[in-house]
Structures are given as structure tokens and as C-alpha cells.
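Written below as C-alpha cells is the structure these notes are about.
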């Protein structure tokens, strides 16, 4: 694998219970070349106001990228550079990478809360 590849894994949050996940991420896994763009979808079916996008790099804890406090609102987190977000519907929070860079190789997580 060359350094020119960017691997972005989007993993669903763990949940307790059977079929209904509550929060889901799409796609679950993605590999990009440097400079490519992509969008991750975080969807929740619990009518939550707050939604969050995090990244976790090797050897580090979760770091907040962006968050939303309701439909149509977004705010920057700890590491917002290189990302854009939108929340046009209460149940969906999109995270976009316009031009992927090797520094964005990470595991991405989304979450929601009241």
C-alpha cells in the first residue's frame, strides 16, 4: 500500500439490543486516494437534537470534529480543519472530506444525544 492512499474507516457505534441500531454510519468502510472526496452519513432514529462526528487516531482518544445542536445548525469541534458538515434533516448529519489527505487517515465515529 502506498502512502498516497488514505484509509477512512467509518464504524457503526456498538449498541445493545437486537435489530434497531439507533445510530448508523454509511459507508462502514472506505479507502480513498489522496485528493479524493467523500461524504459519511450519520443517521439516527431516536429524535435526538444533538449529533457529533469524532475521529480516533492510533494511540489517541476520540477527538470532536464537528457537532450539531439541531436541524440546520453546526459548530466546530477540536479538529474541524479539512472537513465540512451539514444537517438539513434532524435525523441526518453529514461529514464531508473535500480533498482527502494522509493526515485524515483515521477511524470515524458518529453519536447522538438529547
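We number each residue from 1, going along the chain as drawn.
Even glycines carry a Cβ here, placed using N, Cα and C.
Feature annotations, courtesy of Swiss-Prot:
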DISULFID  42-110  disulfide bond
DOMAIN    22-114  domain 'Ig-like'
CARBOHYD  84  N-linked glycosylation site
SIGNAL    1-21  signal peptide
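Taking the domain 'Ig-like' (22-114) as a whole, pLDDT averages 96 in the prediction. DSSP states for the domain 'Ig-like' (22-114), grouped as helix (H, G, I), strand (E, B) and coil, give 3 helix, 57 strand, 33 coil.
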